[in-house]
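Notes follow once the structure below has been shown.
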Amino acid sequence: LIMIFFFFLGFSMSIYDVTSRSIYLRWPKISGASSYRVTATAVNTIGHSLLAHFSDVTFKGTLTSLTPNTLYAIQAEAIDKNGIILAETQIMQSTAPDIPVIDQAYSKLSNSITVEWRAVPGATSYLLTAQDGDSFIETVVTNSPGTVTGLKPATLYRITIRSINSGGKSQPSPFRKAKTVLAAPVLSVSSPSCDSIAVRWKAVYMAAGFSVSLMRSDGLGRMLKENTTNTSLIFTNLDPGTLYTIKAYAWNVNGIPGDDFTYNQRTSPNAPADVQVAFNSGALRAIVSWMPTEGALTYSVTASSGLLKLKCNTSSASCVVPSLQCGSEYYVSVTAYNDAGSSKPTDAVSLKTIPCAPVNISIEEDEPGHLLVSWSSVNFGYYYVVFVKSDDGLEVHCNTSHTQCHFQSDCGFTYFISVFAYNKAGQSPLGDVFNYTTAPCCPSDLRAVVVSSDTMQVTWAPVRGVDMYQTRAVDWSGVALCNGTATACTLSALRCNTQYNVTVYSFSEARGSNTSCASKYVATAPCSPEIKNISKEAPSVVSVHWQCNNEDATYIVTARGEAGLWHCRSSGNSCTLINLPCGSAFSVSAIARSPAGQSLPSHSVPLETAPCCPNDLIVTQVTESVTNISWSVGMGAQTYVTTLESPKRQAKCHTLQNYCLLGCITCSTNYTVSLKAVSETGLTSSCTYQGYSSSACCPSGVKLYRLGNNGIRVYWRASEETIDYHTDLHGSKGNFTCTPSSGLSHCDITEIPCGDVYTVVVSPVTDKGPKVTFCPKKIYS
């Protein structure tokens, strides 16, 4: 539907329905209008225009007697009572195509009706309607013929058709009546035997009879066809295992056929032929094969023995039946299957399996070195073989039709014995494997090694048939035991410095112990000494004393520290460690040695030597009354006590550092220098160094006098008559020095620049050592 609107002064017009010869309009009320005039003019077609008038109370109008499939320009005008046009609008609208005419309507399927008609000019599609009472079904098609689907079988319908274009739909055509054909019968098909097929179906509404046909799906052979009024039918004399196609339809009283129903059905297969049975004795299973039969999809093999039934299913021409029982006879048959059913079983084939393993096996050692093996007879057992294998890999066997065999045996061996029965099918399954162990032999190559004062390790060569070894060490006070399966044993918690009688016995769960094994005497290592005292004989010499509990033992004492190891040894109860370094810590322990071995170390005793004296000591005078003493670090020292001593006084300093300031020093005095190094535990070392003389005393009463414009005289008072002095004059314009003759207490400095500030220092003259720099200074301008 295409609509074009023009709006003038708020006046508009719309289309609400279109047919082949009519257009239905509506418009809004215009104030002041007394009537409305509508004109329809065909576009691109020569003909007269259609004019219609409507009152002011009418807002809908219908234009009739129009030409089908024609485009019209429709103009509406609102006119007042004076004939003046108040508003107007125009719209373009096409009429629907002409009404089609049905030529024929017929049904080929039970759910549809096909309609044929002549094409209508301008129609782009058609609307088909099938009505059954109050219900109807519509379908849009593009051309003739068209089909309405979704209908009910055997039902009479009224069929109409309407043409459609962009403008709308035409009026319905005159109806035609048509009836749908009968529904197809729904088949239920089966194959009751290998040469027959049975067909059944439910009654079909309005059906007078049924037609059923059958033919091989591959097209071979002839078609079989039956007409009947019943709802079942059986086809016989068919080919086994063959796929057939069955087609059935119903017809009404007029003989008109309805929908057909097609079904594919295969006949059940024939029984397989040439059944062969092979027996696998090792896996206790039967391999069954046969010739394939036509149309068979799968096969089922049944092996029956009394009430026991074993089955095997396959799609090939052979199958394996597992889990057969020994000593049994089975009857084997094969049945073929397909989707239609099963064939008859084949004639049974007899199968005898291998005998079962012999039971009630007994083993006896009737005399040393001879074994007797006996057992009970079994079903289907024709003869027997006994295998005897020793644990060294050697195997012998006995073949007999009786129920016993004799074998030779050796001591210290385990024998594994198995018995098999045989018949034409093969060897029986493996039954219980029995073992028999002879008495074990004594261990050889016995060795005993002393590990420590209270521990001994015993080893020996293994022997056959042994489940466990027992090691016994006996002394005058008791027995030490060790049980195990290994060929080595460690005896602990023994007495040191003691001789033991050591024996290793072999045990077997089957035969008990061999108690005739030889013994060996072994002595343990010496006992550990106990350090009683450590005494210091000198700064680097100590004596260690211990308590000795051993005979024929040598004792070794070791002092162990960061500085190294120091040793001394003795056969008595003391020894001396010499040349021990100062400032060192040691851990002192002792051991005892004898031909039997070495004892464990004694408990360690700590030892500390006195701290070392510093190697270097330097004394420096800071001021006339203060001296700084510094020294190198003494090994093992934590604090230091430094002393300067003269007949007049003593200065002392105690410090953690390696330097010290000593005050109240007298100038021109000789001092004795000593230092004491103190360890963390309070051990001390007294150290003496070269004596120290303090510097000469500075002069007093220094005065300055001018000598003209460029000279100065310096006076002072000497602290001692034997001391000489020199004068230093320092200024920004130069430095000057004056040294008077010995014994004088003044000095003249000339030719100094004027206009400067000078610093004047008078210092004693020293024969050696640094120049004295701490005497008082004078300022001269």
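Backbone N, Cα and C atoms are what each Cβ position is placed from, and that goes for glycine too.
Curation does not apply to TrEMBL; its annotations are automatic.
Annotation comment: TrEMBL describes 1-20 as signal peptide.
The domain 'Fibronectin type-III' annotation in TrEMBL covers 96-183 (among others).
For the domain 'Fibronectin type-III' (184-270), the number of residues in each DSSP class (helix H, G, I; strand E, B; coil) is 0 helix, 49 strand, 38 coil. What TrEMBL records for 184-270 (among others) is domain 'Fibronectin type-III'.
According to TrEMBL, the domain 'Fibronectin type-III' annotation covers 271-356 (among others).
Sequence annotations record features per position, and here TrEMBL assigns domain 'Fibronectin type-III' to 357-441 (among others). Looking just at the domain 'Fibronectin type-III' (357-441), the mean pLDDT is 88.
Here TrEMBL flags 442-527 (among others) as domain 'Fibronectin type-III'.
TrEMBL lists 528-612 (among others) with the feature domain 'Fibronectin type-III'.
Residue counts for the domain 'Fibronectin type-III' (442-527) under DSSP, split into helix (H, G, I), strand (E, B) and coil, are 0 helix, 53 strand, 33 coil. The DSSP breakdown of the domain 'Fibronectin type-III' (96-183), given as helix, strand and coil counts, is 0 helix, 47 strand, 41 coil.
The residues of the domain 'Fibronectin type-III' (528-612), classed with DSSP into helix (H, G, I), strand (E, B) and coil, number 0 helix, 51 strand, 34 coil.
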